[in-house]
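For reference, the structure discussed in these notes is given below.
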Amino acid sequence: MNPQAKLIFAISLLLGTTITISSHHWVMAWAGLEINTLAILPLISKSHHPRAIEAATKYFLVQSAASALVLFSSMTNAWHTGQWDITQMTHPTSSLILTSAIAMKLGLVPFHFWYPEVLQGSPLITGLLLSTIMKLPPITLLFMTSPSLNPTFLTVMAILSAALGGWMGLNQTQIRKILAFSSISHLGWMAIVLVYNPKLTLLNFYLYALMTAAVFLTLNSMKVLKLTTLMTAWTKAPSLNAMLLLTLLSLAGLPPLTGFLPKWLIIQELTKQDMAPAATIISLLSLLGLFFYLRLAYCTTITLPPHTTNHMKQWHTNKSTSILIAVLTTTSITLLPIAPMILTAI
């Protein structure tokens, strides 16, 4: 792809995200979401492979439907209350429609079907954008409307997302699909605590974005897309593989690592809100996710002799990417000890 075109799409992505995050009026938020959608479509379909074109078409249709629902819910709210302000979403039907629309944009169950397919059809860097920056505007909208959302609806969607995200990731061999289902189950954790402590949802999203960025960039630098190629990738960069193992365990939420922090805080908050059964269920469901993370980690560290199939040999790595991977991997492993400082900041 032409570098100038790439630059325009990157700037449009940043612009759309910024407009949505900083807007007070529903129409401005909607415009930001539309700019984002239009900017990511060429990045999904740039390889011209039939899978990529299919992924871009699915993404466009789903996001258009979700954007239409966002406009519809805000108009319904304006008819009933006379308010176009994002924080004044007080009409119950409007807030239900809005929750469904944003769940569709994020890929929460039961609106998740498009997400693994789109991620599988996209290149790894575009997959990283879809998993992190494209989720920021919808989550911000949920954050701003959180006082008027329906807690029961969100809790049901969250538990279903954690269940399906873990369950459907078990049998996958394609790494992008595994990461898509991992994203769905993480979104479940974010949604369950949204009404009770919205700042925790944002903290969870930031840490998830950090860890996912580390995983995607590592896989991109090793040119790995399937579990079978991951098994022989240790010959290219053994130390990077060892760090990928720790990052994956952090994504799974194992205690000494960064990924444990949001889960611990969310379980604590749910227990405070007399939602111990929900906390127990979602904690047990995260064990499903732990299984496929361990499977990925096992494939990462397994030392099979490299077989004769052709895979790209790496003579040198991109220096700027290496530094970024080093910083992201370090933060996604070691942030747990500074939890008290993070807690005082939020």
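Keep in mind that glycine also has a Cβ here, set from the backbone N, Cα and C atoms.
Heads up, TrEMBL stuff is auto-annotated, nobody curated it.
Look at TrEMBL and you will find 23-288 tagged as domain 'NADH:quinone oxidoreductase/Mrp antiporter transmembrane'.
Long-range contacts of the transmembrane segment (56-75) within the same chain, counting only residues at least 6 positions beyond its ends with a Cβ under 8 Å from a Cβ of the stretch, are 26-27, 29-30, 33-34, 37, 40-41, 44-45, 84, 89, 94-95, 97-98, 100-102, 104-105, 111, 114, 117-118, 121, 141. Here TrEMBL flags 56-75 (among others) as transmembrane segment.
According to TrEMBL, the feature transmembrane segment maps to 95-115 (among others). Here the transmembrane segment (95-115) has long-range neighbours at 33, 58-59, 62-63, 65-67, 69-70, 72-74, 76-77, 89, 135, 138-139, 141-142, 145, 148-150, 153-154, 157-158, 160-161, 163-165, 180, 183-184, 187-188, 191, meaning same-chain residues at least 6 beyond its ends whose C-beta is under 8 angstroms from one of its own.
Feature annotation from TrEMBL assigns transmembrane segment to 152-171 (among others).
What TrEMBL lists as transmembrane segment is 178-196 (among others). Taking Cβ pairs closer than 8 Å, the transmembrane segment (178-196) reaches residues 103, 106-109, 112, 115-116, 119-120, 127, 131, 135, 139, 142-143, 146-147, 149, 151, 154-155, 157-166, 168-169, 172, 204-205, 208, 212, 215-216, 251, 262-263, 266, 269-270, 273, 275, 278, 282, 285-286, 288-289, 292-293, 296 in its own chain, all 6 or more past its ends.
Annotated transmembrane segment per TrEMBL: 202-219 (among others), in sequence order.
For the transmembrane segment (240-261), the list of distant contacts is 182, 207-208, 210-212, 214-215, 218-219, 221-222, 233-234, 286, 289-290, 293-294, 296-297, 300-301, 325, 329, 331-336, 339, 342: same-chain residues at least six beyond its ends, Cβ to Cβ under 8 Å. The transmembrane segment annotation in TrEMBL covers 240-261 (among others).
The transmembrane segment annotation in TrEMBL covers 281-302 (among others).
Residues or ranges marked as domain 'NADH dehydrogenase subunit 2 C-terminal' by TrEMBL: 290-343.
If you look up TrEMBL, you'll see 323-343 (among others) marked as transmembrane segment.
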Contact between the transmembrane segment (152-171) and the transmembrane segment (323-343) (at least 3 Cβ pairs under 8 Å, separation 6+): no
